[in-house]
Amino acid sequence: MKNENNISLPQYVTLNIQTLNSSEDKTIRIKAKTLNFPLSSEDLRDISILEKKYDQEENCAGLAAPQIGISKCIIIFAVHEDAELKKWHPDLKDTMPKTIWINPSYKPIGIDKHEDYEGCFSVENATGPVARFKKIHYHAYDINGNQIQGIAEGFLARVIQHEIDHLNGKVFLDYVAPKKIMTKEEYLEMRKKAMEQENIKS
């Protein structure tokens, strides 16, 4: 696949849903490399590729470099105020414009968790409920090596935790009991029925 600048973009590294491993590329299941500053020209090229891959997607909360075969601690994500998104994720509170983080990490604030359904480009046509910390303190660097830190709550905290998991060789299905895994079609049907019930009650 090529973008408007004729730069070839890599395909996603996908996992076999039964084994949760990839026979083609181990990048998605190993700890990614921590980057040093100043970033090399190769690092900057990889960041550009990741951003272009992200920009071509619709309804994409975030991507991590290992998802496209780049074993480096780079993530890109965005969470905007959106009424439709809030229907699916009522805990949407904090927002953040499109952001690229290098070497990100987080620490939970408290022990409270919230369960919600997640999906991933690296696990095709599968979703399941994942309990994530409701509130976290994050730390990262921008591409110039400037420190970034702050507090995230709700859906934004979930997105950050999900993407950082990729840098540690984890995917969301690692936290989901096999019997709770469903296809996206099954999930959408479940949500449709739930919303219909809510409309009846109101």
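Placement of Cβ uses the backbone N, Cα and C atoms for every residue, glycine included.
Taken from Swiss-Prot as is:
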| type | residues | note |
| --- | --- | --- |
| BINDING | C120, H162, H166 | Fe cation binding site |
| ACT_SITE | E163 | active site |
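All features noted in Swiss-Prot, drawn onto the structure.
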residue : record                 : Cβ neighbours (10 Å)
C120    : Fe cation binding site : 23
H162    : Fe cation binding site : 22
E163    : active site            : 23
H166    : Fe cation binding site : 25
DSSP state at C120 (Fe cation binding site), helix/strand/coil: strand
Structural state of E163 (active site), classified by DSSP into three states: helix
Listed in sequence order, residues not in C120, H162, H166 with Cβ within 8 Å of the centre of the Fe cation site Cβ atoms: G62, A64, Q67, E118, S122, E163, D165, K170, V171, F172
Distance from C120 (Fe cation binding site) back to E163 (active site), taken between C-alpha atoms, in Å: 10
